[in-house]
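*Asks:* Before I ask anything, let me first share the structure, which is written out below as structure tokens.
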Protein chains: 4
Amino acid sequence: MAGNSFGQLFRITTFGESHGVAIGVIIDGCPANLDIDMKFIQSELDKRRPGQSKITTQRKESDTVQILSGIFEGKSTGTPISLLIPNEDQRSKDYGHNVNVYRPSHADYVYDAKYGIRDHRGGGRSSARETAARVASGAIAKLFLKQQGIEIFAHVTSVGKINAPELQINDLSALLNIREQNIVRCADPQSADEMIEFIDNVRKDGDTIGGKISCIVKGCPAGLGEPVFDKLHADLGKAMLSINAVHGFEYGSGFAGSELLGSQHNDIPQPKAMDENNFKTTTNFAGGILGGISNGMDITFTTAFKPVATIMHNQQTINSLGEAAEIKGKGRHDPCVVPRAVIIVEAMAALVVADHLLRQRSNRL
Amino acid sequence: MAGNSFGQLFRITTFGESHGVAIGVIIDGCPANLDIDMKFIQSELDKRRPGQSKITTQRKESDTVQILSGIFEGKSTGTPISLLIPNEDQRSKDYGHNVNVYRPSHADYVYDAKYGIRDHRGGGRSSARETAARVASGAIAKLFLKQQGIEIFAHVTSVGKINAPELQINDLSALLNIREQNIVRCADPQSADEMIEFIDNVRKDGDTIGGKISCIVKGCPAGLGEPVFDKLHADLGKAMLSINAVHGFEYGSGFAGSELLGSQHNDIPQPKAMDENNFKTTTNFAGGILGGISNGMDITFTTAFKPVATIMHNQQTINSLGEAAEIKGKGRHDPCVVPRAVIIVEAMAALVVADHLLRQRSNRL
Amino acid sequence: MAGNSFGQLFRITTFGESHGVAIGVIIDGCPANLDIDMKFIQSELDKRRPGQSKITTQRKESDTVQILSGIFEGKSTGTPISLLIPNEDQRSKDYGHNVNVYRPSHADYVYDAKYGIRDHRGGGRSSARETAARVASGAIAKLFLKQQGIEIFAHVTSVGKINAPELQINDLSALLNIREQNIVRCADPQSADEMIEFIDNVRKDGDTIGGKISCIVKGCPAGLGEPVFDKLHADLGKAMLSINAVHGFEYGSGFAGSELLGSQHNDIPQPKAMDENNFKTTTNFAGGILGGISNGMDITFTTAFKPVATIMHNQQTINSLGEAAEIKGKGRHDPCVVPRAVIIVEAMAALVVADHLLRQRSNRL
Amino acid sequence: MAGNSFGQLFRITTFGESHGVAIGVIIDGCPANLDIDMKFIQSELDKRRPGQSKITTQRKESDTVQILSGIFEGKSTGTPISLLIPNEDQRSKDYGHNVNVYRPSHADYVYDAKYGIRDHRGGGRSSARETAARVASGAIAKLFLKQQGIEIFAHVTSVGKINAPELQINDLSALLNIREQNIVRCADPQSADEMIEFIDNVRKDGDTIGGKISCIVKGCPAGLGEPVFDKLHADLGKAMLSINAVHGFEYGSGFAGSELLGSQHNDIPQPKAMDENNFKTTTNFAGGILGGISNGMDITFTTAFKPVATIMHNQQTINSLGEAAEIKGKGRHDPCVVPRAVIIVEAMAALVVADHLLRQRSNRL
């Protein structure tokens, strides 16, 4: 119950510290006979890897993924798929300063409190480097979903107080193109420019800034999600909240929905034309999920990220004896996590949907 | 994996439909030798039960809980505790209208899509009646937490656009007194009056309204929560999102935190005085949780509820053939769920913290 | 992790003590739309219930099962099925003698050691009465398996040193008829007579005797079972070893197979005729399972039961202070468990196979 | 649910195929601050590795273990421990013969039936090579148990019909010395000589032979094991039955116990002397476990292994079309698995006991 696994039937277990030998993941439960496109997996990791632009950390990691098991002649065999990503650019000496001093808003203190021992180098297991394992396994979940006609798209919708306008999300590949043409991964080019400039200024100040990412799942069949505790949006919420720096999750109408009347919020089902098969409503405040179960419409949710805790300012803090101390951020850090987190959000969403796709197979005779 | 269980070590499994014989819950993993105060359990259920005021549903249920197992001479024995709550006031005839017609923003359609069969009476398993089983088992979790020095307090912080002012949460029992003196369960009496009047008007219009509930956990030791997927706030988030009508969850600084700079958001640790043992920071944007692990400070989070879908207006919809149909709400429903949901939020929070208390016992030699 | 659940996708959780209000079970994961034949479930319980013959305990329990949830108009709905069996004939006063004295080879001491508290009445949770919940839920698993063309048949193959001859197991319903015509549930009438006479003599001596039960699963498709830890026979073995009084499990060639050469033990596959689809081998030392996965042939296994610990003799023992004490069996007990355990073996086998049937659905695209 | 994990709180997940890049294991739940003795882990692997004597397979594997995560300055940190064992001597060309032909009593056919795809090289995932990962993780479990005062010792008790005499098991380190002085790992030197000669003759005949391994756990505290499904012996049984080639498991009196009277089989508790703390009985038919819970005495069990399926004879079989075919064993295989399986039995026993040690921590306030 140490909590390094996620999912029930499409299940991952990750391992590895920021400054250890490697990080990696075992995927247990990927259906057999899936074509495993290694180039796609690597391209997903490339979108998460550090050093990709001026507004991300300058740590140099190629994040080259190796497959150790579970694939035969390019296809999954139904046995555990093990993926390994060696660590390359570990400057552990950058971390001498936090052996006995607790960095503000970092997990240093709680690891000591929890375990009585702590690998202080780069945050150890609490480092966001662990998310590379999620992205690698999420890429395989995406391959499975694609084979089932399901697509996932996330994008940055705010940085600090800069909010992108709401977009019409229909053609995902067109939007993906736009998103990948700017380094902040916003699907609105004009907002992207503003966000990038703002982040760059924050970075120059030695500061950091939070932001938000929205995500859409298209093509999900009706019927996914279990009615009580494992509601589809509850599992999506847990998945998002398990990502480093996330402080909030909402789906469909979200927090704003709490201000509405039922007569405003109800989504009205539309009669089906002769050749239609799908459920459709006029509005989608439900975010594609009713009673925890997908209804076949677009699934929509948003995730809020706090600013990165490592800033290049002097800060007051305490040491492991509880005495006053001062600390200044060292190492190479992101001024804003959302540009790289977009791909993590997609990966976790893919893992949740893949898991529920398999779970749904048991619900009928 | 049908998803009717919650928790790993302090684990509940619920059963029962709105209009079946009974609902109930098995608690597997309650430590032995805990004093089981049946009056307390019943008093918790009384706070959730319908018909308690003019702003809740008028369904009449005494929600009398029976213990079937796991208690001997007033104490838990370590074996499964089974709690049963018979259903009393089932007016199933109120539900003839939704056998073949899908109520807007209800789960009727998705149950048919998922299972190919549906107990349409009162929403069957999707009914919020299932939460009585959560409250009963949550009451036992609260007894365990109390024995460990941990308290939980939730309260209504908004109804529609009416927001209660932010409160200083120190003396929980004083606040509990205030909260229980008004039927909307707001800890600010003046806001409570406004909320009650608003809900009552909404009810007279045959409409419904959403709202928000905030919650605080006091006395939680540092070290609870697992570092990667089972972060304490991720499990709290899933717990809250699994409650009927919840569309959003945030902890600590939440969504607002995404607009802040790191230099604003970092909580600065305070040196400990000679006789102090606890970790303390100037601010608590972290919401008592760092890297997914409790730091010993107050844990704070907020949950957003959409308006109830059943309104007493005529609404357009479709039938099971996809044809246009009209439906009008029948039955006895809440105009706003938050007054009764306060106790559900507390119950689910108690279950999460109890579970992580037990999990933490395995982390050291 | 308190261990009162069994199965992953077709999952049961049992509760209840021997002398409490009731025992029961929740089945979470029964596929929707299964016809639930309540008469069949009751008839299965009738085969397990006490008092059915002179060679079983004379405790009087009708073991009448009630359904609390999960069934609508005679069919499973996909939601948790809750079954309740009230306790009727609790003579708790029979158990005053073991409050502070540990009965030899009973679990009294270890419950105290484990929990520090013990419901001493009738063994509390360690009573074989708990198996009624397994039989009730196993009956539903059997209904599912029957719908999938799979049958299960268990029978007593030895009592003490009386061994029934090996049978040709083809027509299960004919054998079931023979088995149910004798009170020891042996499929060989002549051995049955010997066994019954022997048990009756043992009973008159105030003593008890062990025995063995063999089981066959017919019609199981190839492909069930997971290759490493959750091998089909490993899950069957755990299921059997979890039944009270079981001390051994073997499948296929079993212990005798350890004495054979590979050239004797290998099962030779037979070429398929034009119209055949199934895998067939000359011998079946494999017991229908290769590498943990069913091969489509008959699955065969045997389970060994120790003699019941409660005897009507004076026995030396100790009290809870570790002092010498004497105890004599009271209450109403079985002189031999195998006649009633036949139906428990079938129930547990059905639960394992049902679970793996559902699990297999996730292994392919 | 693909079944590549074992244990609940001390939990392992293994990966890797016989002829892939590497095999390995993640241990999730090892308590923090445990001294990790890498030499000990390697020495355990050396006892399992192939090529260690004339009566084992001649495949050459150094089985050198690498640690990828979870250890810091020689101690466990509470985060997942990942262990990697590269494959070195893969002669995949030895396996061209079984691409389309099913080897008798091997898992070739069932993998095709289950997954529709099969890595035929060396049995892929069904290879006993997977057990190296169990031995590596079991070694860490042993280090934890040793720190808690618990020792485990397994030894070969039969090969074919050659049975070692029953031993008095008191001084485990003395017995370990004797066992490790013969290549069959029997604790009785004279029986060892007979067994070795017999296996060598079987090997020369191109044949294989089965055998049995007994195991004892010393120093286990009373109270481990959960009362209903997760009985300590049920989990031990599943663990053993999950080892390749195992066909039977018994504990305490085992199968022989089914022939005894209760008056013979009951273990009589002995009064405690002033300075004693432990529970003691005259006999130990219970095998140290009552009602599924350890009583503090020696835990004893025996596991039966069938003969290895690969023999160097021509055998009739079928191909993937169901047509008659002939096959002759190739590759390098063990004539008898028990000498190497001794260490696998110990590893799995250690994993079960470590898991239940942690689970027991939740049973009391």
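Glycine is treated like the rest: Cβ placed from N, Cα and C.
OK, TrEMBL features for this one:
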- D:ARG48, D:LYS54: NADP(+) binding site (BINDING)
- D:ARG125, D:SER126, D:SER127, D:ASN244, D:ALA245, D:GLY291, D:LYS306, D:PRO307, D:VAL308, D:ALA309, D:THR310, D:ARG332: FMN binding site (BINDING)
*Asks:* Consider the binding-site residues D:ARG125, D:SER127, D:VAL308 and say which one has the Cα lying nearest the Cα of D:ARG48 (NADP(+) binding site).
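*Replies:* Among D:ARG125, D:SER127, D:VAL308, D:SER127.
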*Asks:* Can you give me the Cα-Cα distance between D:THR310 (FMN binding site) and D:LYS54 (NADP(+) binding site) in Å, rounded to a whole number?
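*Replies:* Spelling it out, the Cα of D:THR310 (FMN binding site) and the Cα of D:LYS54 (NADP(+) binding site) are 17 Å apart.
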*Asks:* What whole-number Å value do you get for the CA-CA distance of D:ARG125 (FMN binding site) and D:LYS54 (NADP(+) binding site)?
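*Replies:* Answer for this pair: 26 Å between alpha carbons.
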*Asks:* About how far apart, in whole Å, are the alpha carbons (Cα) of D:VAL308 (FMN binding site) and D:LYS54 (NADP(+) binding site)?
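*Replies:* Distance between the two Cα atoms comes out at 16 Å.
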*Asks:* In whole Å, how far is D:LYS54 (NADP(+) binding site) from D:ALA245 (FMN binding site) when you measure between their Cα atoms?
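*Replies:* Distance between the two Cα atoms comes out at 20 Å.
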*Asks:* Between D:SER127 (FMN binding site) and D:LYS54 (NADP(+) binding site), what is the CA-CA distance rounded to a whole number of Å?
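*Replies:* For D:SER127 (FMN binding site) versus D:LYS54 (NADP(+) binding site), the Cα atoms are 20 Å apart.
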*Asks:* Using a 10 Å radius around each Cβ and all protein chains in view, which of these binding-site residues has the most neighbours: D:SER127, D:THR310?
*Replies:* D:THR310
*Asks:* Cβ within less than 8 Å of a chain C Cβ is the test here; which of the binding-site residues D:ARG48, D:LYS54, D:ARG125, D:SER127 meet it?
*Replies:* D:ARG125
*Asks:* Near D:ALA245 (FMN binding site), how many other Cβ atoms are within 10 Å of its Cβ?
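*Replies:* Around the Cβ of D:ALA245 (FMN binding site), 24 other Cβ atoms lie within 10 Å.
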*Asks:* In terms of Cβ proximity below 8 Å, which binding-site residues out of D:ARG125, D:ALA245, D:LYS306, D:VAL308, D:THR310 neighbour chain A?
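*Replies:* Checking chain A against the binding-site residues, the residues within range (Cβ-Cβ under 8 Å) are D:ARG125.
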*Asks:* I'm trying to understand the geometry here, so how far is the Cα atom of D:LYS54 (NADP(+) binding site) from the Cα atom of D:LYS306 (FMN binding site), in Å to the nearest whole number?
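*Replies:* Distance (Cα to Cα, whole Å): 20 Å.
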*Asks:* How many neighbouring Cβ atoms, not counting its own, are there within 10 Å of the Cβ of D:ARG48 (NADP(+) binding site)?
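*Replies:* I get 26 for this one.
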*Asks:* Largest pairwise Cα distance, Å, within the listed FMN binders D:ARG125, D:SER126, D:SER127, D:ASN244, D:ALA245, D:GLY291, D:LYS306, D:PRO307, D:VAL308, D:ALA309, D:THR310, D:ARG332?
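*Replies:* If we measure all Cα pairs in D:ARG125, D:SER126, D:SER127, D:ASN244, D:ALA245, D:GLY291, D:LYS306, D:PRO307, D:VAL308, D:ALA309, D:THR310, D:ARG332, the largest is 44 Å.
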*Asks:* For D:LYS54, D:LYS306, listed as binding-site residues, tell me which one has the smallest number of other Cβ atoms within 10 Å.
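*Replies:* Among the binding-site residues D:LYS54, D:LYS306, the sparsest Cβ neighbourhood within 10 Å belongs to D:LYS54.
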*Asks:* Are there binding-site residues in D:ARG48, D:ARG125, D:SER127, D:LYS306, D:VAL308, D:THR310 whose CB lies under 8 Å from a CB of chain B, and which ones?
*Replies:* none
*Asks:* Taking every protein chain in this structure into account, which of the binding-site residues D:ARG125, D:VAL308 has the most other Cβ atoms within 10 Å of its Cβ?
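*Replies:* Answer returned by the neighbour count: D:ARG125.
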